[in-house]
Amino acid sequence: KGKCPEDGWDESTIELFLHELAIMDSNNFLGNCGVGEREGRVASGLVARRHYRLIHGIGRSGDISAVQPKAAGSSLLNKLTNSVVLDIIKLAGVRTVTNCFVVPMATGMSLTLCFLTLRHKRPKAKYIIWPRIDQKSCFKSMITAGFEPVVIENVLEGDELRTDIEAVEAKIKTLGAENILCVHSTTSCFAPRVPDRLEELAVICANYDIPHIVNNAYGVQSSKCMHLIQQGARVGRIDAFVQSLDKNFMVPVGGAIIAGFSESFIQEISKMYPGKASASPSLDVLITLLSLGANGYKQLLKERKEMFSYLSSELKKLADNHNERLLDTPHNPISLAMSLKNLDENNDGAVTQLGSMLFTRQVSGARVVPCGSVQTVNNYTFKGFMSHTNDYPCAYLNAASAIGIKKQDVDVFLKRLDKCLKTSRKESKKGKVVNEISNSNTGTEQLEG
């Protein structure tokens with residue numbers, strides 16, 4: 001039926017299935033005589049076993065989704081993977097999605113592929129409207145495709161950074177709709193930035209006949225992000241949404257899913273991919289989904305949501321204990337932020353030092369964001385880089401509840417963060433005393449002089 005099985009398969013069944021697919025590829029035929037330049041020959045047995053002897057990759061030179069006659073097994077693997085992944089996207093909340101395909105590139109390059117496909121539809125266009133999110137790969141995806149990003153600054157509402165809808169519409173009127181390739185919005189993001197106002201953006205795109213591409217990098221794991229995409233497509237226009245395989249399905253980095261509501265447009269994107277492609281990302285995600293089953297994946301989504309609530313409540317307690325606060329970002333369903341105001345006021349370098357302390361104590365993924373850092377990306381200078389705005393009111397620390405997180409991860413993180421904050425405060429006080437003594441000595445020397 002091309003759907004994810006309700007209950008996961010055991011490993012021996014999955015391996016049997018993969019071996020059956022592999023023997024359908026010509027390189028594994030007993031009497032095969034290959035005289036071409038690409039015959040699926042592999043020098044190392046270890047490499048062959050690592051790929052289950054599925055060596056031919058996916059697609060043909062003109063279409064990544066096309067069937068290869070000499071690689072029936074690999075082609076079937078590709079078709080099944082795309083079908084199973086489509087089923088999971090529907091299960092996760094985007095019920096009306098019509099087509100998707102796995103592409104062996106991470107999210108940034110997959111977004112670039114979408115923009116290059118739109119170039120043929122809108123040859124005059126040179127701008128992409130982009131509500132600011134301080135993440136390099138989605139910004140560089142537009143530059144690499146040869147377009148000029150038009151950065152729309154976010155507006156601060158309470159602690160949250162939200163889409164400036166009025167600024168988006170004003171910029172469209174200024175530049176002219178025909179000169180705009182698309183609106184490039186974002187769902188999953190680091191707090192205090194929250195998912196873009198997708199419904200309002202989708203309506204604007206429909207009204208001005210402008211394509212809309214959504215960066216849904218790690219949004220499949222969030223019912224709220226998927227609901228935003230579904231609603232945006234219902235009330236307005238969303239042409240494609242792109243999500244990472246590693247962040248949503250716990251597989252190695254290197255693949256993404258491009259999905260949409262127009263079957264023909266998603267096919268156009270797949271045909272834009274030049275040449276054949278690696279089957280590894282498709283193989284990894286198929287094995288994972290067959291082993292989890294639909295019920296297993298739903299359970300992971302449920303556990304992630306429960307861990308988000310737990311992380312939120314425990315991080316709030318810790319923040320209160322250190323005279324800080326958990327920033328109020330109810331529209332962000334994955335990421336949380338805790339202020340570091342007191343740390344920042346006492347010592348200029350204390351915030352970045354806290355990040356180093358956490359990293360050396362094997363806490364990965366926590367982001368420490370100081371105030372006022374400036375960074376240049378492809379000749380564009382961003383003030384307050386990493387905070388998604390020029391002047392966020394305070395320094396802060398990010399932590400996320402992503403798929404696969406366990407209670408133990410949260411507990412260990414909070415314990416180590418507590419220790420690091422105590423150490424930082426002690427060092428900040430020492431530094432303050434030393435500075436005061438130094439300043440008073442300098443004053444005495446000047447008087448004596």
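Numbering starts at 1 and runs along the chain as displayed.
Just so you know, glycine gets a Cβ as well, placed from its N, Cα and C.
Taken from TrEMBL, the feature pyridoxal 5'-phosphate binding site covers ARG38. Residues or ranges marked as substrate binding site in TrEMBL: ARG60, SER61, GLN68, LYS276. What TrEMBL lists as tRNA binding site is ARG234, ARG361, LYS426. Taken from TrEMBL, the feature compositional bias 'Polar residues' applies to 436-449. Per TrEMBL, N6-(pyridoxal phosphate)lysine is recorded for LYS247. Summarising the annotation, TrEMBL assigns region 'Disordered' to 428-449.
Here the features listed in TrEMBL are placed on the structure.
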{"residue": "ARG38", "record": "pyridoxal 5'-phosphate binding site", "Cβ within 10 Å": "13"}
{"residue": "ARG60", "record": "substrate binding site", "Cβ within 10 Å": "16"}
{"residue": "SER61", "record": "substrate binding site", "Cβ within 10 Å": "10"}
{"residue": "GLN68", "record": "substrate binding site", "Cβ within 10 Å": "18"}
{"residue": "ARG234", "record": "tRNA binding site", "Cβ within 10 Å": "13"}
{"residue": "LYS247", "record": "N6-(pyridoxal phosphate)lysine", "Cβ within 10 Å": "22"}
{"residue": "LYS276", "record": "substrate binding site", "Cβ within 10 Å": "21"}
{"residue": "ARG361", "record": "tRNA binding site", "Cβ within 10 Å": "14"}
{"residue": "LYS426", "record": "tRNA binding site", "Cβ within 10 Å": "10"}
(request) Based on Cα distances to LYS276 (substrate binding site), point out the closest of the recorded positions ARG38, LYS247, ARG361, LYS426. (result) ARG38
(message) Beyond the listed site residues ARG60, SER61, GLN68, LYS276, identify every same-chain residue whose Cβ lies within 8 Å of the center of their Cβ atoms for the substrate site.
(response) GLY57, ILE58, GLY59, GLY62, ASP63, ALA66, GLY275
(request) Give me the Cα-Cα distance between GLN68 (substrate binding site) and ARG38 (pyridoxal 5'-phosphate binding site), rounded to a whole Å. (result) 12
(request) Can you figure out which of ARG38, ARG234, LYS247, ARG361, LYS426 (the recorded positions) comes closest in space to ARG60 (substrate binding site), comparing Cα atoms? (result) ARG38
(request) Rounded to whole angstrom, what's the largest C-alpha distance between any two of ARG60, SER61, GLN68, LYS276, listed as binding substrate? (result) 10
(request) Taking only the Cα atoms, work out how far SER61 (substrate binding site) lies from LYS426 (tRNA binding site), in Å, as a whole number. (result) 62
(request) Please name which of the recorded positions listed here, ARG234, LYS247, ARG361, is nearest in space to ARG38 (pyridoxal 5'-phosphate binding site), Cα against Cα. (result) LYS247
